[in-house]
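Worksheet for the structure shown next.
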Amino acid sequence: MPHKTFLAFIWPSLFAMILFIAIPIVSVGFQSLYVEHEQIMIEAENCGPFGCNSEVRVDREAMEQLREEQPAGRFHGLGTYTNPSHLAIDDIREIVATSENFGEIRNRIMNLPFYKALIFTLAYTFIVTPLVIVLGFIIAVVVNSIPNVLKGPVIFFSLLPMIVTPLVGSLVLFWMINSRGILGAALQSIFGDPTLSLTASPALTWVTLFVYGVWHSAPFAFVVFYAGLQTVPRDTLESAMVDGANRLERIRFVVIPYLLPLATFIGLMQLMDNFRIFEPIIGFSAAASATSLSYLIYNDLRLSDTPLFGSAAATSMLTIVGVLILLTPVLRRNWREFNRKPS
Amino acid sequence: MKFTTMTSATAAMIVSAGAASAACGIESGSVRILSNDFAALHAVADFAAKCESDGVEVTRNATEEHKSIQVPALTIDPATYTVAVIATNSIVPLLNNNLIRPLDDYIAEYGEQLQPSQLIKVGGETMAIAFMANAQHLVYREDLLAENDIAVPTDYDELLAAAETLRANGVMEYPIASNFMPGWNIAAEFVNAYLSTGADFFEPGTAELAIQNEHGMEVLETLKAMTEYMNPEWVTYDSNSVLPIYEAGDIAFSITWGSRAGAYLDEEGPAPAIAANSGVAAALAVGDSDIPGAALWWDGFTIASNISDEDAEASFQAMMNGVSPEMMAEHPTEAVWLIEGYEPTEAAEGVIANLQGGARPYPMLPYMGLLHTALGDNLTEYLQGDESAEQALADVAAAYETAAREAGFLN
Amino acid sequence: MSNPATKKPMPLVALSIAFIVIWLMIAAFPFLWTMWGSFKVEGDFFSRADWMNAITGPATQLQTGGRFTLEGYYGAWVEQAFWRNALNTLIVVVFTVLISLTLGTLGGYALARSGFKYTFWILMAALVFRAMPHVTLVSGYLLPFFELNIWGHLTTTIVVLVAINQPFTLWMLHSFFLSIPKDLDEAAMVDGCTRFQAFRLAVIPVMWPGVITTGLFSFLLAYNDFTVTAMLLSEENTTMVPQIDSFLGSTQEKGKVMYAVAAVVSAILPLFLLILFFQRQIVSGLTAGAVKG
């Protein structure tokens with residue numbers, strides 16, 4: 001396809017992405033290298049309904065002038081990236097130098113907010129992604145084999161975990177899993193342990209989040225696989241049958257290889273989505289036991305009364321880097337495949 | 001004093017008489033209100049909107065995202081909103097960025113109805129008008145306390161002793177609930193208790209943190225002692241999850257927001273028997289202190305600086321109608337009003353008791369929000385028993401200092 | 001695979017029926033529970049005393065005098081005029097899906113048919129774009145949008161949702177077009193069609209299955225979005241999800257949780273009808289076509 005035709009087809013899409021994603025990414029990257037101006041403070045008498053206090057306040061006029069001179073703030077290089085709230089380079093060095101054994105190093109590193117979040121993010125990504133692919137595949141195979149009349153409703157009900165607004169979905173689930181809720185109480189009686197609480201114990205909170213993640217994303221994998229299953233060449237299947245392959249062997253040697261590219265696609269999308277996990281953490285009030293990189297960003301930007309744009313920008317850039325590292329193996333494979341493709 | 005009351009009451013009457021006919025006395029202008037989304041603020045905005053007339057346009061946007069929106073919306077010229085309704089904490093970014101204007105001239109001209117206590121002064125200039133107050137306090141079960149011969153606790157030690165009695169008498173295992181969810185909630189509890197010690201969060205006049213001391217330790221130990229008498233699910237306790245627990249009769253003490261007391265005492269709610277047997281009292285003091293352990297909050301309004309003087313004047317006048325005694329007369333129970341002539345309802349007793357007990361305001365310092373976030377993220381591990389109190393305070397200090405450096409408050 | 005020659009053994013049939021029943025229960029139970037609960041009062045559905053209250057409903061009996069109540073629905077739809085939010089959502093969703101698919105189809109087709117190296121890099125860039133957390137992006141939009149005076153409008157939100165959605169749409173449709181044989185449009189071009197004509201005459205008629213599947217995901221993204229819509233829409237333009245969030249209350253204020261529950265349930269019902277209505281297209285569409293990575 002000539003460049004000109006290609007451009008004619010793709011420009012609207014490219015334009016939208018550049019304007020609303022690429023430019024913001026560049027500006028976020030830029031912002032992450034800067035910190036606020038040094039605040040000029042003056043002593044002031046503050047009064048309100050509850051009395052007066054001598055407090056400090058920002059000297060607004062002086063700050064305004066500073067901001068006009070240098071709107072971006074003070075250049076800080078990679079300082080924000082290496083500070084204790086992010087990569088905490090100095091802290092790690094100190095921890096490694098002063099700790100006695102590996103256990104202590106691990107515990108102390110896990111106490112650093114960025115690494116605590118990173119560990120959960122990685123655990124979530126690597127546990128949920130494969131489970132979603134496997135579960136989605138099984139559902140697709142089974143749904144594919146049921147009578148056509150039932151398919152519509154079954155597809156609809158299978159999609160429900162994706163359709164119900166996570167805001168309310170997780171609220172309802174949160175109530176179901178608390179120790180007096182239907183699921184929480186059921187688990188207590190199954191395990192015969194009246195103190196069992198899915199929300200109090202860190203380990204069980206992690207499990208709950210994993211289960212929720214699989215439940216919420218499995219429909220996505222299901223729909224894509226289901227679509228793919230419709231196109232598995234019938235003659236290949238039939239010739240496998242003629243060769244005496246049983247049902248399982250047919251799935252293993254014909255269906256799975258055929259759907260492998262699809263699995264890559266789902267894996268790619270899921271890796272990224274799971275790496276950005278944060279809605280369930282809010283929904284399940286799980287921040288005590290589990291935080292993620294996106295949660296840190298949200299915390300900096302939205303939960304905090306004084307938003308920290310630089311810090312959020314740095315965490316966002318680190319998230320992108322993290323996703324890129326995760327995707328490298330897939331990307332290399334794609335690159336090789338791409339080069340094989342005749343143009 | 002009596003004289004002032006008289007004149008302002010008369011003035012209020014005149015204002016209200018004018019409101020009906022001449023659109024609050026505004027000739028022309030545009031009033032655009034940005035606020036949080038809850039009933040009391042809707043009532044205020046409704047009354048401000050009554051000033052609408054041919055030359056006066058009143059629009060409003062009540063959204064929970066107001067904190068994120070207000071700075072960009074007021075930064076541009078002309079600002080998207082002329083009025084930003086804020087609270088003790090959310091005024092700070094507007095002040096820091098010089099986005100709101102002093103109100104003294106308008107008060108002189110149109111603010112006869114205001115009480116001196118409603119004026120939020122920063123360095124001598126009135127930057128905001130407060131119209132309602134809020135604070136946390138104690139809600140307790142009168143019947144359970146009477147049956148077990150317990151007096152209403154006034155400090156945390158008494159609360160813990162009362163909880164122990166209830167536990168020993170087999171009434172309940174976990175009698176207390178407080179909003180201990182990590183993040184904003186647990187930080188608010190720390191701030192409440194720390195204010196009770198009488199100590200300050202920062203070295204005077206600087207952004208240097210000053211909580212790594214015996215007061216900080218005492219507060220942390222108090223909070224930790226509380227968790228012993230709270231269901232282990234306290235890590236998920238916020239206002240929304242505690243109320244049903246109280247209504248289920250599972251707890252005897254709930255430390256909650258004044259604005260929520262009405263729901264606890266609602267005898268037409270889901271648990272009328274429990275509501276009928278509930279009482280409210282001032283927040284609890286820490287240790288030997290007798291200051292109620294609750295930060296006092298106010299909600300108020302500000303006027304944007306990047307707007308025309310005409311709009312600013314119109315906005316102030318409209319808001320004067322919004323926070324008028326007439327508005328309060330129609331909505332006496334929506335909030336603890338700071339407006340002239342307010343008569344506390346039963347649900348407001350706790351907040352009023354805090355005020356009378358000398359509770360301290362939430363610090364309106366430019367860097368308090370940073371400390372609040374740092375507290376919210378770093379206390380849970382200690383409360384869960386995974387690290388020491390010293391380590392928790394050290395983590396808070398590290399997180400705060402990193403953030404304060406980034407925001408330019410520390411070097 | 002409905003070939004009679006592939007008759008399944010009984011145990012396998014039983015196993016797959018058991019599996020599908022369990023899966024449907026897991027998938028649908030929370031929703032069915034919510035639907036049931038939406039006819040109760042908050043004290044029952046969110047009861048801490050005993051989850052059985054949500055089924056038996058003692059507080060509902062006490063507060064309303066009946067076993068079921070429509071209070072939540074009345075409150076949400078009549079008192080709080082939730083229909084306005086529903087209407088806004090309808091506008092946002094319809095336009096987001098239409099525009100996303102139009103741009104995505106053109107772009108995806110070009111990416112699938114051009115063999116130059118830059119197509120690979122465009123696809124990779126799209127992946128990086130998708131990695132950016134939406135919270136950060138949206139916070140960055142606020143100031144420019146206020147400056148341009150386009151904040152708060154449905155159009156702006158639609159454009160942002162389309163853009164944010166574009167990497168996924170492009171990837172999915174690109175993969176899909178790869179599976180449509182090249183000969184199809186190339187033959188048309190040999191017959192003298194331009195690229196656009198070939199696309200219109202040869203590709204469009206066979207692309208619907210993939211487009212419908214992609215459309216389903218675009219739809220869900222726009223429909224469920226909270227981050228973008230909550231921050232970019234003014235009160236009168238709010239869509240359903242931020243409105244539901246505002247029903248939930250805040251730290252200081254007790255919310256109207258049952259309004260939220262009723263709103264969620266009633267927002268699902270049109271989807272059920274929609275999916276039943278398009279069921280044929282979706283199922284047959286999926287059957288006829290392919291998505292390939």
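Yeah, the Cβs are placed from backbone N, Cα and C, and that goes for glycine too.
Residues or ranges marked as domain 'ABC transmembrane type-1' by TrEMBL: C:86-280.
Taken from TrEMBL, the feature transmembrane segment covers C:12-33 (among others).
Within its own chain, the transmembrane segment (C:90-111) is flanked in space by residues 119, 122-123, 154, 157-158, 161-162, 165-166, 169-174, 176-177, 199, 203, 207, 211, 214-215, 218-219, 221-223, 229, 239, which lie at least six positions past its ends and keep a Cβ under 8 Å from the stretch. Taken from TrEMBL, the feature transmembrane segment covers C:90-111 (among others).
Annotation source TrEMBL lists transmembrane segment at C:118-146 (among others).
According to TrEMBL, the transmembrane segment annotation covers C:158-180 (among others). Remote same-chain partners of the transmembrane segment (C:158-180), defined as residues 6 or more beyond its termini with a Cβ less than 8 Å from a stretch Cβ, comprise 91-92, 95-96, 99-101, 103-105, 107-109, 111-113, 123, 126-127, 129-130, 134, 137-138, 141, 203, 206-207, 210-211, 213-214, 217-218, 221-222, 225, 228, 232, 289-293.
The transmembrane segment annotation in TrEMBL covers C:201-223 (among others).
What TrEMBL lists as transmembrane segment is C:257-278 (among others).
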Revision key, fill the gap. Tertiary contacts of the transmembrane segment (C:257-278), defined by C-beta under 8 angstroms and 6+ residue spacing from its ends, are 31, 34-35, 37-38, 40-42, 45-46, 71-73, 75-77, 80, 82, 86, 89, 212, 240, 243-245, 247-249
Revision key, fill the gap. Long-range CB partners for the transmembrane segment (C:12-33) (under 8 A, at least six residues beyond its ends), listed in sequence order, are 54, 268
